[in-house]
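Remarks on the structure that follows.
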């Protein structure tokens, strides 16, 4: 079935285990970026709906003095997470198709994402079970008259605000560890891609997740995201999205000294030396920038290529880029779909136009594919003749646009790689392992890829430096983002403390 023939399910907000219409009765259109057609609606939640969701989450934590969820053994919560994972796999094809319709992601990528969603729920089910073994862990003290242990308790009600580029996967990165820790959550997905997150609600209902443990409020950022960030009864906010929105979330949380985790933008480098297999390096370079239609926070969108191979490398990149199938995401073999919205489409075109006006050269792409009359499609774009003062070098485009600059020495490559306000990721491609190790240490980023770009595993931590945010998601520490550590120290001597003189001995 082609994208133009399909619609998305009609859903309401998910609050306290039930479907509820938004308080103000408004809905937002779902636009298929492939056809520009309206293919459904999502509820437009507002502050009233956020209040109801937060209240439901708080009630879920308190129910039965916490024994139903927050204080239940991690093994109990793990059963729910595994049940969710199983349902995601059961509905994998349906969910992947919905993401292709909703945000333009090629179907094969979306199907891969669903495997990752299930794997992430499974991984944090393991972490929930491991949490039982970590509870009451002893602390060695220098005084034998005391003993100490640590409790790890859920931080409370958490607000989770997620982006549109990996709609269900990015939500899962937050929902799975939060629930594993025993928190109750309110999820606010991007209004540009909320469809599969609402299907997650349906899955949670189907597996019998206790009411209020996960609530999902869709809507616009100012109407639903902002009230969630500033809500006095939300104990923590975790956000993935733009730098500008991240600043607003920090400002909203600051008056209550509320902890936040922020995974923001990037302008990541990929450094290619002259000792590489050029075809292999070209494919990783293009994958690092054009995967997910170029809409990845960690996209290695600044190519630094050694002068000795630059001409051949650029020629091969152009040939490979022209061979990428740009099409309806549901067509077999699609490798680049449309960007998510008209607004994003116009923004990317403006970046390309500005680069040309500043003197850059468009090697290939930069326009709508000739065979696609509708949809928010942009050909894979490669830009050269870049200076470090250009907007295209400094600002995150969030589209299929790669800018290229040459270097002559390793020191120059390191300097150019770090010439950014962001610090999410970086990649180095070289046959010299020691050189790769040096650059892994020198590049200022939270994630470094060697001889590849963009692999991501939920077993390894994810996060960035500088304007790419702070905190780390995933990995063994992922669950700790949603835990509060409590020290319990006990005096165990039979002797009195003896600091003050007892009145009975006067």
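Any Cβ shown, glycine's included, is placed from N, Cα and C.
Cross-referencing 94, 396, 406 against the NAD(+) binding annotation in Swiss-Prot, which names 162, 163, 164, 188, 189, 190, 191, 242, 243, 244, 245, 263, 462, picks out 396. Rounded to the nearest whole angstrom, the C-alpha distance between residue 243 (NAD(+) binding site) and residue 263 (active site, proton acceptor) is 9. Annotated pair residue 263 (active site, proton acceptor) and residue 164 (NAD(+) binding site), C-alpha to C-alpha distance, rounded: 14 Å. Long-range Cβ contacts of residue 165 (site 'Transition state stabilizer') within its own chain (separation 6+, distance under 8 Å): 103, 193, 292, 295, 296, 297, 340, 398. Those residues noted as binding NAD(+) (162, 163, 164, 188, 189, 190, 191, 242, 243, 244, 245, 263, 396, 462) have their most widely separated CA atoms at a distance of 24 Å. Other C-beta atoms found within 10 angstroms of the C-beta of residue 164 (NAD(+) binding site) number 21, with every protein chain shown included.
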